[in-house]
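Asks: Pasting the feature list from TrEMBL:
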type: TRANSMEM; residues: 21-40; note: transmembrane segment
type: TRANSMEM; residues: 46-67; note: transmembrane segment
type: TRANSMEM; residues: 92-118; note: transmembrane segment
type: TRANSMEM; residues: 163-185; note: transmembrane segment
type: TRANSMEM; residues: 221-245; note: transmembrane segment
type: TRANSMEM; residues: 251-273; note: transmembrane segment
type: TRANSMEM; residues: 285-304; note: transmembrane segment
type: TRANSMEM; residues: 310-329; note: transmembrane segment
type: TRANSMEM; residues: 350-372; note: transmembrane segment
type: TRANSMEM; residues: 378-394; note: transmembrane segment
Amino acid sequence: MALRTHRDFRLLWAGDTVSQFGSSIGRTVLPLLAATTLAASPWEMGVLSAAGTAAFLLIGLPAGVWVDRVRRRPLMISTDLLRAGLMLSVPLAWWLGVLTLAQLVVVALLVGVCTVFFDVAYQSYLPSLIGREHLVEGNSKLQASQSVADVSGPALAGGVAQAIGAANGVLATGVGYLGSALFLWRIKGVEPPPRPHGGRSLRTDIAEGLRFVVGNRSLRAIVGCTGTSNLFAGLEMAVLILFLIRDIGLSEGVVGVLLSAGGVGGVLGAVSANRWNRRLGQTRVIWLSMLVTQPFGLLLPLVADGWRVGLAMVGVAIATCGATVYNVSQVSFRQTVCPDHLLGRMNASIRFLVWGTIPLGGLVGGVLGGWVGLRTTLWIGMIGQVLAVVWVLLSPLRTARDRATTVSDHG
């Protein structure tokens, strides 16, 4: 069955789309709110950036065990509702005149906790919903929605911030999560019951998931590449908006347009990922997509007011296109090689290892931004992302002809 006629997948896709639009606006408008309305320092921006992803370090591993022990769709609905309530508290506090940076940090942290459970459940739910044979197509469509949201979200957030205040833009994030919960609730397919855990301890189940990931050389390489890239991306994002507004002097609207360029590249990457996987093979695409495109990201630290904004947009678009193709390919590879009963723990283990580096990068970025300057910090972040591909170049993925050769690649 083609996924475009798969009712339950269409509902999942619709829910993901509205959620991604809300999240994309929130990722831009929260730091804008901190930088403009609350006059946050570079260090405070780094703390806010780190808070949004710190949950992957704090609860990433046990989250995978819990996801494997419960039905995943109800868990996703519950976390959507919680995220909506948390985000809607921000404009409420602003209207009441009591909004503080501390509240933004707490909201970012708690939304991050909910996101850990949602994302692990979501990636573990997809194979049972559409079948493993449709994973690349399904992940490509879902990634396309995220990329379209990335195109319009920052620009919309920047426009809203200029027109009616950054706090009002957070409303869209809360509404997006509510819409996602509604679409997920309408899915009718019966989810397979979780496999009984037989009284195993939390530590035993966590260790089983980690052993599966660490014991496979190809998965280790993916973790190394993605984790390194995310570390330096966290460093970059901690200072980027502050750099563009304070050092370059761009308006909030132009900042939103510049950031949305990544979404344009993401759309191109998402819609072409399935084609590239069929033509070149999944394992080859994993390393080739990063090697060819990430150096274009080095155009971003060269940005200045005027024509170089356009040049930076081109670089961001190309780099994001390649990163999107990489993400679709490596996520589909992971879902294919992992047994059903380990999907939650595998996804959580990898999320813990690769997303846990982002808050570290955010904190380092905040320190470096105040020490060596915002542009130099941005250079360090972009160069680190370029070099991340070395992990997969030195792995079995570079010489494997197809994904089947790496399914049992332990050692």
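Counting starts with 1 at the first residue shown.
Glycine too: its Cβ is placed from the backbone N, Cα and C atoms.
Quick caveat, the model's predicted, so the values are computed rather than measured.
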Asks: Should the transmembrane segment (221-245) and the transmembrane segment (251-273) be scored as in contact, given a threshold of at least 3 Cβ pairs under 8 Å and pairs 6 or more apart?
Replies: yes
Asks: Quick one: do the transmembrane segment (21-40) and the transmembrane segment (350-372) have at least 3 Cβ pairs under 8 Å, skipping pairs fewer than 6 apart in sequence?
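Replies: Contact criterion not met.
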Asks: Could you tell me whether the transmembrane segment (378-394) and the transmembrane segment (285-304) are in contact, taking contact to mean 3+ Cβ pairs under 8 Å with a sequence separation of 6 or more?
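Replies: Yes, the transmembrane segment (285-304) contacts the transmembrane segment (378-394).
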Asks: Could you name the stretch, out of 92-118, 163-185, 251-273, with the greatest number of CB pairs under 8 A to the transmembrane segment (310-329)?
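Replies: So the stretch in question is 251-273.
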Asks: Short question: which residues 6 or more past the ends of the transmembrane segment (251-273) have a Cβ under 8 Å from it?
Replies: 24, 28, 32, 36, 136, 139-141, 143-144, 146-159, 161-162, 166, 241, 244-245, 285, 289, 303, 309, 312-314, 316-325, 328-329
